[in-house]
Amino acid sequence: MATFSNAPLDLRRLLQRLVIMLSFSTICASILYLLLGRCEPDAGGSSGWNNNKTARREIFSAPDSGDANSSGKELPHALIIGVKKGGTRALLEFLRLHPDIRALGAEPHFFDRHYARGLGWYRSMMPKALNGQMVMEKTPRYFVTPETPGRIHAMSRDIKLMVVVRDPVTRAVSDYTQITSKTPGIPSFESLAFKNRSTGHIDSLWSPLYIGLYARHLQRWLAYFPLSQMHFVHGERLISDPAGELGRVQDFLGLQRIITDKHFYFNKTKGFPCLKKPEGGSKPHCLGKTKGRTHPRIDPEVIQKLREFYLPHNLKFYQMAGMDFGWQ
Ligand SMILES: Nc1ncnc2c1ncn2[C@@H]1O[C@H](COP(=O)(O)OS(=O)(=O)O)[C@@H](OP(=O)(O)O)[C@H]1O
């Protein structure tokens, strides 16, 4: 009798337990579903964050690690790609005065020498930047390294590229001066510039001369980037009118013109414009001894021959750069 009268109560308890167990398993299934990522929108979905991530992955072909800006560091938005001995250090040091620019001091040589280290390494080299600050570096060898344009394009197709252009003949002499400072006693500029001096056959593959074949190098960049993404800085004017050149560079970078005349003074001893107050410093500052070396005297006939050699080759370059360099 007692067993019979307790039966509905047991049934109720059993039902209650069943309901609790069912709810519990539904919750577990939902959690599992979420953890397995089944809730992601489909690939064609319009979630901005997700799409951006996919796009970033696609454009980076070098090995990468970690998300962008995970440590306040970002890949560059602009690069000074050349030319060697054009005035690239001066341009970088001047640009550092701008509060919206963060620039790496050393040359990382990522796209020409250390590409295998991957974009994670490259990013880790960059200075920390605040949101909205432009990150940049300079490696003058990029301009003449064949693989570089494609690699930079694979990282970012929107990157802004700057090239400091100097008279190719003076540039060659400057390059040679640097080589002799490191390796004294090498043959003269005049003898290295020619394969055969008596026939006048110029050795265009000699590195100091090869770098000055601006049109040839630019052609490789134009296979990846439109001319509008490149800005040519006049190397000689960077010395005679640094504020003017910097004004045009700031316009190109889409930045406010903050670097002006008031930042520079002409140091007569150095013979170059110097900074009244460099970034992070309080005293006037000129570039070091390796900038502004005294060039050796070169036979004027050789200088003339080199000018004649460069002119037809680089004419197209001067037209495309849209500047009157004055030494064409
Ligand atoms: N403000 C200022 N101070 C000193 N030097 C200046 C400046 N502006 C431009 N220049 C010229 O820069 C030339 C060196 O170019 P780079 O910095 O591109 O050289 S490097 O490729 O990084 O070695 C360097 O070449 P040389 O004169 O042959 O040494 C300078 O002529």
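In case you wondered, yes, glycine gets a Cβ from its N, Cα and C as well.
Together with Lys85, Gly86, Gly87, Thr88, Arg89, Ser174, Lys291, Gly292, Arg293, Thr294, His295, the 3'-phosphoadenylyl sulfate site in TrEMBL holds one more listed residue from Arg166, Arg307, which is Arg166. For Cys286, the disulfide partner recorded in TrEMBL among Cys39, Cys274 is Cys274.
The number of other Cβ atoms within 10 Å of the Cβ belonging to Ser174 (3'-phosphoadenylyl sulfate binding site), over all protein chains shown, comes to 22.
Among the listed recorded positions, namely Lys85, Arg89, the Cβ with the most fellow Cβ atoms inside 10 Å is that of Lys85. With a 10 A radius on its CB, Cys274 (disulfide bond) counts 19 other CB atoms from all the protein chains. Maximum intra-site Cα distance, 3'-phosphoadenylyl sulfate binding residues Lys85, Gly86, Gly87, Thr88, Arg89, Arg166, Ser174, Lys291, Gly292, Arg293, Thr294, His295: 18 Å.
For Thr294 (3'-phosphoadenylyl sulfate binding site), the nearest of the recorded positions Lys85, Cys274, Cys286 in terms of C-alpha separation is Lys85. Look at Gly292 (3'-phosphoadenylyl sulfate binding site): DSSP puts it in coil.
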